[in-house]
């Protein structure tokens, strides 16, 4: 027994030993073999814990640790250590494992013992079952490893009887899955389908297994079936018995949802579950219990959606989440849960989705535990922490995303195919997201996806169009799953900003789903997509527009300014700026502003420039630059260049941006999304080109920003517009906007400087070699520059970029056609350029056709192209459209049928009878349904001379090219006509005119008014002066057209256009017989119409702004809507007017005058209401009371007077003071008056007529006193240099403000009395603190006395005006000078802000009124008409009018709404300062305040040359003796020598430090002598070299004049220092000083023999000096004012003098006696001259007349009238036949006599002007006749009368 027992024990020990080895091998896998294990067992004496510790440590060392499941299914518990801790370095991982190996060892020991115990229990159960088998027919089979597949529900195992089945052949058991069902069978008699052979051949069932189900099994003969819900149970099936098996899905057993919630809650809190959780936590496994059960609403919704309302299918109502750090712990958790029986729980369902994918691809192991105590199932879901999305435990970014996405689509039942498609794609997307979360795809693939990630902040994802105008509340309210899903996805993409790889991959997956299925693959999903599309479109546009692409190659940065460039401006001056940088800065400024303000007013930038100034090119260049900023992230705004002519549709203005974007491949449906999500910079180019249509399409909204709906876009707007197309009012209403709803800045492109031109030429030469723009590829930069010097007038044109390129392109051909020095017109440049352009295309086409063996005639082809371009250009003008569209149709006609011209050209250029002839009819344009059809009919090659700007859109190369061709069409239409009279060889003028008139109404010029097309007008006008014989009859034909309107009202458009063109060309239209003509709407601004007959004419709506209407006859003319630009002035004053003022309600005007009266006028009618008489001396000040009922005045007559406005009566109050009153003012409530006199200030109460205070303190004259705004204080200022503040109630002085260094002229309270502003004779303005008396600001800059100041309406700015000729605008907060307004030539006497402070008006002693833009400092307008000093100016409040008063005794009202500069610049733009004949009398030179010198042809009156270079007023000019050179001298301190033939500047003479007063040639012409007004020196220059060769010093003040002696050895000079001095030319020594004059010496002259000098002075005397001795010989006295000039007679026996006393006096040189006095001039005399024989004297004066006097009799024999301004210069021609004069009126007149010579005229001869040139200045009507004119307004009639017209 013992041996047996011992043997049994031994066997049991051996068995245990074998089991332990097997268990260890299974635990550690391949990392240990059996032999090693036996050695370790021996080493540790069988101590399992030591053995496991050793094995674990060994596995760590080897970096491999494999664990297999204890269940026998072969799954590994551990992956390799790399998979567990792949993010750490290898060495770190080993150390971490070493540190944590105790936990691992403990785990393995637990698993070992647990597995061993289970094995032993299994063996025991097996033994027990064997003993019971005999007593039971149904037995639960012992679990053991099986082969085959089992599925949830019923699984049967048996043998297949099919001999052909492999399973049958191998005698293998096969599993048959029945699923959830109820079946009955007999084990060996029922057949089931074999899963291998698919036949019902499985009959011998040996086993049944139930999996994840609630089931029952019973055999025949059993009392009751076995019921269970264990997740996996197997039963042996015995042969011959009948079995009934039932399997159902696991279900809850609740009675209702509340019952289920109650059971679940109890179960989750049960001791059984708690014990299980505690056991799990022992292994450091995290168990997450939900804080609460799902809410009923959410639960019911889920149950309804997922289970059709069956709540017993819901298990996740109570779910625990088991979170594990690694796979080992996960399997440990599963193992522990599966041992739940020990906690009285049943494992009822086991679903492992950790190793295989679930439906949603979540990775977890799901176990359902049945809690018998509560009859409910609880779900345990185990996963890794790295895979969970549970908040608080997850490492996944945005963990809710996948769950929320799932919730959106989980219960979605699509209603249509599109929803179905979206649902399917949503499911796929969710799967992809979960694949990333749960790592179903490998790390490399996740990384690859993540690499495509770009954050929302970078790409700016677009809001889907489906969400347009739908708010979040609406989306939630609508039960629209699609909308909710779209909103969810969009919100997630915008808010989710992942940092880790998985998060980025998820974002990419979601974005790609969004882009493809929500936005649509064809649409941009983000701003970045938009950027790509737009950039691609931009490149495509440029590729199609080759011209622009080439132009960008030569782009030179453009200069700009805050005001527009005029010919008076100097584009070299440094106040201009880089336009590109300026725009960039403005855009950047706004971006900075937007950072601080959530919503900012839109910013609009208006870019104006002349035609060809480079606006379009700049727009494209700016777009390119902004794209660079956009793509590199420096800017978030997308630049979009939009050609308005290409995109504008007057029927759809509000969608112009949308249309433009669609043309750039942005789909219509996404436009709204883009608008809401993207910021733009819209560059709207060419507004001027659409303005005509835009303006006609007026729908009561004029502002383009509103018309184009731009407020809907988050955009900065840049609009380019050609200058002068829109008038000031249009610009304000259309571009700036009337209500300041946007922040608008105005930028004006300025011409190229010389430096920029040189840079462009350099680029052009390089580009020409590359692109072969012309054939002269070998031309160098130097060649271009030298050639251009031969054509000076091109320099002005070259300042415009487009013209510069044009000129460079055709310069070689121009050089061949025009000799050096020739004046080349703009039209001639365009002609050459367009000919070359056409030649290139004709040549290319001819070559291509010759390759096809098609013969062509290039000349005919060229003519056809030209005709084509002319017709198309004109059609564009008629249609008001710059873009022609080609229809997509084809014809079979051969293309050359379109090119064969109908016309034959035969040019004959003799007279009116021999003209350009064109055989055939002159067909007009036919308007068809498609106006462009005839231009693109068939595959017309002609279209290829155009510039392609879109798929089927074409433009001319430049708008100016279209205008040129339209002009050419009109010109040749006029010139091509010839009389068609058979058999008549000769035809007289009358017959010619009669035939011509019948044809006029069919001419192109009669189709449409040209008024808005100034460039077309100018092109035609230039041809009038073109010397090409082809244009010889253009001028006469235009006159004929005007004539033709006399008898044909149907040609009124042609006639209006013709006369407008003639005016533009500066054609003299004086003394025309134009009775009965019909020219409505003609522009005759500044026209010369003296003596013209307009009787019975239709002049409706004609503009006569600043026009010369002297002696014009308007009898019976129709004048409805006629425009003069000014109104009748207010008549009444008999002396100079000192000031004007509006009443507070703007209904009345007061004025006061040197006639000692005050007058009240009605502001609307101009009628005089009252004359206030009483003052007996100069009136110093006048003002309205605040309520407008009274007027206060004060005077040097020592009185202060108060007047009743209504009655005009004086209210007796204040009289009888001992000194003159300098100033007076009403108190704010009008109850008191303050006035000041010599050292005193007095306050009077009006009601009581009593003095209430006497303020004394100023020791000398008090200049001004003023109330504070609350009436409690007085501020005063004085000649004592102080300002004092007084308390009104006590009369005490509160403060004395000191700081001014000279007389304080005025002081006033500002800022509600907290500050004081003052100005002084010290030339400064100061701002003071009124409480502390401290000086806050000092505004310095004026260089002479300040005449006044005015505050802007908001008191942020102050303007000041001064004796220094300037107005300055200051910023009060900083004290900085904002603008200096320069333009007046003398003192500025008055200046005012407009009511909105946007403009300033100023009046000056130069008799002009000027209007300025406050923001830019630009002079906007000059109003000329006053004949003397302007003393006061005011803006009307709500009208575009100006009120002014002058020393000419008038008060004038000016209309400033409209001014069109229609005339070509064929004349000086400002006052002329001198004229001279050339020595041969063939030319006239003139100089001007406009800084230019001009050369005129005496015969024709045409301008030959313009010499530009001076930077200030040109004071005078001289011709050299041979006439080859002109010398000019200027206020710019320089003298310049010019070549007459070429116009080139030869020398620049610099040396004077102030303006040059006089220059004279030496008798031999080799030298020049010059003097300056302020630098006290005389300089001698060498003509040939331009070098200074001598300097004469001695005068102590400015030198007024210099002259060479007749032999050239000496120089005489006179000076402000009251001396005359004699100098030796060779040595420079002073030879004599002649002293005696008591005031400055105005002039000095040598006698012809050089022995005497005559001088004249401001001391009213003339003195004669002996040259040799220096002694005074004679003193001539008699003049009553300064003597301005003195001259010797040709025989040296007499002298003539002129004076400011308005007389000319003739003196005998021997006796010194006065011989004659000439007294007809009414103003001071500017100059005098003897005739060559000394028999006559010619004088000219400020009285606007030239007079010729007989020396012997002293009588005036001729009076030359016509100038409307003072005359500044006059000279006889060398032969005495003619006289030239120049005037303040900006004109030159050449006078001649009917007897042949001016010098021979008598009283009976007629002297009249031969021609006049220049620009008409001021409206003149003297002697005009207006009898029975129709439709003149009363105001206009009054104006006519005032100007000398006869009604």
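Heads up, the Cβ atoms here are built off N, Cα and C, so glycines get one too.
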Check your understanding: When TrEMBL marks a stretch as region 'Disordered', which of 76-98, 99-121, 122-144 is it?
Key -> 122-144
Check your understanding: Do we see three or more Cβ pairs under 8 Å linking the repeat 'WD' (1465-1506) and the repeat 'WD' (1760-1801), pairs being at least 6 apart in sequence?
Key -> yes
Check your understanding: In the predicted model, what is the mean pLDDT computed over the repeat 'WD' (1423-1464)?
Key -> 86
Study note, to complete from the structure: Same-chain residues at least 6 beyond the ends of the repeat 'WD' (1172-1213) with CB under 8 Å of its CB atoms are 1138-1139, 1141, 1143-1145, 1148, 1150, 1152-1154, 1156-1160, 1219-1226, 1228-1230, 1233, 1235, 1237, 1244, 1246, 1249
Practice item. Please give the sequence-distant neighbours of the repeat 'WD' (1592-1633): residues at least 6 beyond its ends with Cβ less than 8 Å from one of its Cβ atoms. Key: 1554, 1557-1564, 1567, 1569-1580, 1639-1646, 1648-1650, 1653, 1655, 1657, 1665, 1667, 1670
Check your understanding: Can you tell me how the residues of the repeat 'WD' (1760-1801) break down into helix, strand and coil by DSSP?
Key -> 3 helix, 20 strand, 19 coil
Practice item. Using DSSP, break the repeat 'WD' (1297-1338) down into helix, strand and coil residues and give each count. Key: 3 helix, 25 strand, 14 coil
Revision key, fill the gap. Secondary structure split (DSSP) over the repeat 'WD' (1634-1675) reads 0 helix, 24 strand, 18 coil
